[in-house]
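**Q** Sending over a structure as structure tokens; questions will come in a sec.
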Amino acid sequence: WDFNGSFQQPAAFLMMGIPGLEALHPWISIPFCALYLTALLGNCVILFIIRRTPSLHEPMYYFLSMLAVTDLGLALCTLPTTLGLFWFDVRRIGFDACLTQMYFIHILSFIESSVLLAMAFDRFIAISHPLRHAAILTRSTVLKIGLAIVLRGTVSLLPVPFLLRRLTYCGRTELSHSFCFHPDIMNLACADIKVNVFYGMIILLSTVGMDFIFIVLSYILIIRTVVSLTTKEECLKALNTCVSHICAVLVFFIPMIGLSMIHRFGKDVPPLVNTVVAYTYLTIPPALNPVIYSVKSTHIRQALLRALRRKRG
């Protein structure tokens, strides 16, 4: 601990694994290893295929590349501390290192939310204005959208580590997970955290909350357009292009909303439920997204098969 008058700040936090199952951590690490390996390999393959296939150099796959890079970042943010705890029982993480990890976890989560919104907009333009799709979403426009997404996440969350550093912390240093999460750190403070709570809620609602609302509105407009199509085959073909994105949205937003509700209102929720939802939120989407797009996207699947044939040849 560092003392400065009445100001107290821990030198480090202690990360927790899965409550009540500490003896099984080596076995529990096996599915986590599988998820991390799938996330790393799957997203790298997606990026490799898109880069090497000229026919995939269009807005939908540019946004998919952004999603893959974000998922890689999320997996790499939590992998060292999670597997370090499960394999070697390394629980200690320095205060500044914890704030840094927390900052990047939240930035990447916000970026993923914004990328999913951009992908919804892309689907709306492709279905509602197919002839103008390429003219509206040019390569430079997609690049500007990507830069705006990164800038929004970076700037909006910049005050959070400083708001946590100004707090005085009590004797407790145990985090609820094997990674650092803003509400988790904030609740260890013995000072007034109203500013942290208010700022965190405002930022969450104005970024992720608004992204989710606009995604829903995009699909309402998409459905209206699809219903107006003349034949059933055209309707199904149009909706089929959205299936992968809908799955990615559900996989990301359901655990995120659940975790936010637990941290704010779930005082009596068992710790195991909190832990499972948190791990689901940060490990399942990066692993499932490349699988979803590889299975559902005909172009990705065909490009992958061609790459495998060339390698065998």
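Using the three backbone atoms N, Cα and C, a Cβ is placed for every residue, glycine included.
In case it's useful when we look at the structure, here is the feature table from TrEMBL:
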type     : residues : note
DOMAIN   : 42-293   : domain 'G-protein coupled receptors family 1 profile'
TRANSMEM : 24-50    : transmembrane segment
TRANSMEM : 62-88    : transmembrane segment
TRANSMEM : 100-121  : transmembrane segment
TRANSMEM : 142-164  : transmembrane segment
TRANSMEM : 197-222  : transmembrane segment
TRANSMEM : 242-262  : transmembrane segment
**Q** On average, what pLDDT score does this prediction assign to the domain 'G-protein coupled receptors family 1 profile' (42-293)?
**A** 92
**Q** Are the transmembrane segment (62-88) and the transmembrane segment (197-222) close enough to be called in contact, which here means at least 3 C-beta pairs under 8 A that are separated by 6 or more residues?
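**A** Answer no, regions not in contact.
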**Q** Which residues, given as numbers and ranges, are at least 6 beyond the ends of the transmembrane segment (142-164) yet have a Cβ under 8 Å from it?
**A** 59, 62-63, 66, 99-100, 102-103, 106-108, 110-111, 114-115, 118, 182, 185-186, 189, 195-196, 199-200, 203, 206-207
**Q** Using a Cβ cut-off of under 8 Å, list the residues of the same chain at least 6 residues beyond the transmembrane segment (242-262) that approach it.
**A** 67, 109, 112-113, 116, 119-120, 123, 127, 204, 208, 212, 215, 219, 222, 269, 273-274, 277-278, 280-281, 284-285, 288-289, 292-293, 296-297
